[in-house]
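Here the structure comes first, spelled out in structure tokens, and everything after it is commentary.
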Amino acid sequence: MSKITSSTLLKFKQEGKKFTALTAYDASFAGAFDSEGIDVLLVGDSLGMVLQGHDDTLPVTVEDIVYHTRCVRRGIKRSLLIADMPFMSYATPEQAMTNATALMQAGANMVKLEGGHWLLETVTKLTERGIPVCAHLGLTPQSVHVFGGFKVQGRDADNAQRIIDEAKAIEAAGAQLLVLECIPAALAKSITEALTIPVIGIGAGADTDGQILVMHDVLGISSGYIPRFSKNYLAQTGEIRSAIRAYIEEVDTGVFPAAEHTFS
């Protein structure tokens, strides 16, 4: 199978073909996900919670992401690999350039940053210098204390319009991909239709171009709180590779996410 690139994802969007993404943190799981056909793998700062046992993603360092990006890169042949830029690793464009360079040198194809209008200069500078950017709007976990917890965003008219405006501005600044997390399905649909770049949803309804989940949720091995938008595919298949194939098939056919996985 041909390698997935940002151009591949753009073609998928233009053709109306849904694509799938998962988090991955090591070579073995990444290799399995890659060989079964997952299009995008994310070395997420979610590792702070699912691997390191923290209550949020804030303690994760650039060095943590670099280490796990190298691990995942060794295990894959086809998937597009995105690396999260952790909390306060891109507070200025200069800091972002230094840290994004380290992640690209570790094997990432793209870096992901959380935030809206304040990120525009950073997004432009990174893309102008050859570092592709995936933006992240809606519930941005690095801002959990600003939000007062992990809460659905964009439910009122003002916040919904802000997210729409930020999505358009980030695309104009040069971002090649956008993640929308925990926003009403109708809002995510509007943004997806308004943008040229592909949009990946997590808790954002079925009308985004792609879907992403945390691998621990897909395999039913998360401890503590289980997000409403997640689905345990291992429980219905009994085998890891079968679970991944079921996830891909349900996204492709529109079965997932269903109404119970979305917000209004």
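Placed from the backbone N, Cα and C atoms, the Cβ positions cover glycine too.
Here Swiss-Prot flags ASP45, ASP84, GLU114 as Mg(2+) binding site, drawing on sequence analysis. There are 23 other CB atoms within 10 A of the CB of GLU114 (Mg(2+) binding site), with all protein chains counted.
Cβ-based neighbour count (10 Å, all protein chains) for SER46 (3-methyl-2-oxobutanoate binding site) stands at 21. Feature annotation from Swiss-Prot assigns 3-methyl-2-oxobutanoate binding site to ASP45, SER46, ASP84, LYS112; the stated evidence is sequence analysis.
The annotation active site, proton acceptor is assigned in Swiss-Prot to GLU181.
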Cα-to-Cα gap, LYS112 (3-methyl-2-oxobutanoate binding site) vs ASP84 (Mg(2+) binding site), nearest whole Å: 5
Least Cβ-crowded entry, counting other Cβ within 10 Å, from the recorded positions listed as ASP84, GLU181: GLU181
Other CB atoms, at most 10 A from the CB of ASP45 (Mg(2+) binding site): 28
